[in-house]
Amino acid sequence: ACAMDWQVLTRELSLYLESQVRVGLFGSGVGLSLVLGFGVAYACYYLSSIAKKPQLVASNDRFCRFLEEYCPVVTETYYPTIWCWEGRVQTLLRPFITSRPQVQYRNELIKTADGGQILLDWFDNNDSLYYPDASTRPTVLLLPGLTGTSKESYILHMIHQSEMLGYRCVVFNNRGIAGEDLLTPRTYCAANTEDLEAVIHHVHSLHPSAPLMAAGVSMGGMLLLNYLGKTGRDTPLMAAAIFSAGWNVFESVESLEKPLNWLLFNYYLTTCLQSSISRHRQMLEKLFDMDLVMKARTVREFDKQFTSVMFGYRTIDDYYEDASPCRKLKSVGIPVLCLNSVDDVFSPGHAIPVETAKQNANVALVLTSCGGHIGFLEGIWPRKCTYMDRVFKQFVQAMFEHGNKIFSM
């Protein structure tokens, strides 16, 4: 009897607790009110502080009007993914979240004046309906980031966008980074533009009648800016797009050396740099103490022991000064659109050369409040197209199809 009474009591108590949880939280509306209240508060915060129109910085009113008409995405509100809008989170998640479009490349190795070789990956787009004539098909030269290659998801997405528009793409892989052998004890850096100059000359010579643009991401953007600052108007490029470039290398490395940023990004990036040269150790040991290089624990240490020495700089500060595109922005002689997020730990917002950009009619900066480094995720589940992809697509299309109007509006 006692056992039966205990079972009855237990069952009744369970039913009572279930009813109280159900009624107390949702039947009475308390729990639902809490959830709704939190949701409304978060939505208000998101819409007031996170989702904002980018800041468009350009001294040339005609360039601004051109962008407003043919590249309107730069004037529209950017809505970062609501559950991962913070810069570090966007930076970390983008490689894992975004899809990887299938791209079939044609590989080409070109020789350099010093005996080295560069691997180019071509997407010819021979099925282009808009530009069936290969000799005049618009071409986009793509420059990946520090240790990036043609396999990076952001490069694949740019090619996918270009494919839809009918354009041809070619990816410039830095020396020794994409599986090809290193024929000389030399790799690459953000300041030395010799390899890029050789690639641009080569691509232009193959298709002299085809309009040519370039787009650089992160260090690729820095290299492209340094090239444009050096050449001015004397370049086959008609325009360029720059994404998440580090404008001031001193500020970039200082930001990356903050404890959390070192843990999340700096150490990993350093190991990627070391991994990229370890395969060429036998060649590089001719000039470098590779044991010392492999002990580096920060990008600054790696550059001090390896990059600055390779390219003949007296000190690492000399290299960083020469590699900083902010010093050359005044000399850019073709239309350039530069997208940065002010919460990018690789390129902190306070180091973006807003005032310098205002002194060059060829330059437009697009600054978002969120987006991180090559992040710019948007949508509830940002698998396909990012804000960066949309800026790229609209700008290259605007320049190829309406570029002659840019200074006549």
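Placement of Cβ uses the backbone N, Cα and C atoms for every residue, glycine included.
Annotation comment: TrEMBL describes 23-47 as transmembrane segment.
Under the heading domain 'AB hydrolase-1', TrEMBL lists 138-379.
The active site, charge relay system annotation in TrEMBL covers S218 (among others). Applying an 8 A CB threshold to same-chain residues 6+ apart, the list for S218 (active site, charge relay system) reads P144, G145, L146, G148, F243, S244, A245, G246, F346, H373, I374.
Under the heading active site, charge relay system, TrEMBL lists D344 (among others). For D344 (active site, charge relay system), applying a Cβ distance below 8 Å and a minimum sequence separation of six or more within one chain yields G87, T91, S244, G371, G372, H373.
The Cβ of H373 (active site, charge relay system) has 25 other Cβ atoms within 10 Å, all protein chains considered. Annotation comment: TrEMBL describes H373 (among others) as active site, charge relay system.
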